[in-house]
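Q: Checked Swiss-Prot, it gives:
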- 17-24, 85-89, 139-142: GTP binding site (BINDING)
- 8-268: domain 'tr-type G' (DOMAIN)
Amino acid sequence: MSLTEEIKKRRTFAIISHPDAGKTTITEQLLYFGGEIREAGTVKGKKSGTFAKSDWMDIEKQRGISVTSSVMQFDYAGKRVNILDTPGHEDFSEDTYRTLMAVDAAVMVVDSAKGIEAQTKKLFEVVKHRNIPVFTFINKLDRDGREPLELLEELEEVLGIASYPMNWPIGMGRAFEGLYDLHNKRLELYKGDERFASIEDGDQLFANNPFYEQVKEDIELLQEAGNDFSEQAILDGDLTPVFFGSALTNFGVQTFLDTFLEFAPEPHGHKTTEGNVVDPLAKDFSGFVFKIQANMDPKHRDRIAFVRIVSGEFERGMGVNLTRTGKGAKLSNVTQFMAESRENVTNAVAGDIIGVYDTGTYQVGDTLTVGKNKFEFEPLPTFTPEIFMKVSPKNVMKQKSFHKGIEQLVQEGAIQLYKNYQTGEYMLGAVGQLQFEVFKHRMEGEYNAEVVMTPMGKKTVRWISEDDLDQRMSSSRNILAKDRFDQPVFLFENDFALRWFADKYPDVTLEEKM
């Protein structure tokens, strides 16, 4: 098969949702259909011994939450599918946002009882900004939920995207009977031995069933007043195809997967800082690091840089340019994933996600190129911390483990490190409290380094230039520090302290992001 044909087989997408909408469960079912697991791990309770395949970190298994993006790959129906299962918890939005830079489409999972929730809206806005296609799966039809028409209306009003139902539920909760499949023009049956039936048999199958009569009325209304189906509008991110189903009972998921792969886009190009778009079908290899993960194999204390291949083909042992440093690197120890499981690969193509063994060479956002190509892809999003804590080792004899743990976990990008300019104390910044809990858990579990964490009462951070640096600017309301790149910053206790500082030192430029 030619390189072009291989690239065109790739379908790379992320699954996004509010916590507990069923995102990880649907991921499990997709892996089941892809033949990667024998049964979906539908149990996520910490008292059970069965856990979601994509939740590989100990804290995820203990607390039943996803706190890091997982990468999974399988072959299905002639396509190579790359799934990125993202954390739904808002504290980990930075990891999720970066992951969304590495995909060509998104699957948005919505709880039928709750509709569009806060985190779903946040993540959708990122996807919308990139104009990538969004496929919607309205989940939990095996439970009572809101009316389908109401859910479609909310999609359009809250998210501002047109919708087109690919199927329609017949009943809900205990009265759930199946799906009226508008795209494939058939009925998908929830009960009984037969999985499908023709639409012509519907009146006989559901004789005197008020829910089926309501379905026919709803569909007639949609055909008269609903949006027209347009494959181009889907690819442009202007129309979301909507699928109903139940991930927990694995109903409607395979139909969704089949139809998704029919309309999901091939790998797309990425913009460089100069405004050019790198064609995925170009011969020369290029890619970017969108995530760094330490201790995927705790026995070896390793670190993996996740790279989205943008163009060309990776071959084992190839040399690349690391544009940020201007130095070369050799890609020899490279893997692909099934959550924490991995296997060595000798080649991969545009659209694929590979893991490069990292000894400290790479940073999130790095661009990799070959030959004379020295461009950089557009920078990944960064976030300003809102909570700060002092951190120190509980046992001074564990200094070495403490420093190694901090170095590796900070490089993942979910938490930021600062060092007090005057005292040398370490301080951490995060978007949410859960990030500190995960940090503490991982320091103790993965590095055997217990830590003491103390709230600081600081709420925001601003960067300044070296030229403006003056230690006399420090006061009780702000702390002068350096970030992990040795750039000077001020940590302020509140917005009032920030405004007071800006008024007192009008010539000092305060940057919200480095």
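If you go along the chain as it appears here, the first residue is 1 and each next one adds 1.
Keep in mind that glycine also has a Cβ here, set from the backbone N, Cα and C atoms.
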Q: Would you mind checking how many other C-beta atoms are within 10 angstroms of the C-beta on THR86 (GTP binding site)?
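A: Excluding its own Cβ, THR86 (GTP binding site) sees 29 Cβ atoms within 10 Å.
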Q: Give the residue from the binding-site residues SER17, ASP20 that has the most other Cβ atoms within 10 Å of its Cβ, counting over every protein chain displayed.
A: SER17
Q: When you measure from the Cβ of LEU141 (GTP binding site), how many other Cβ atoms are you left with inside 10 Å?
A: 27
Q: Measure the Cβ-based neighbour count of LYS23 (GTP binding site), defined as the other Cβ atoms within 10 Å of its Cβ.
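A: Looking across every protein chain shown, the total is 28.
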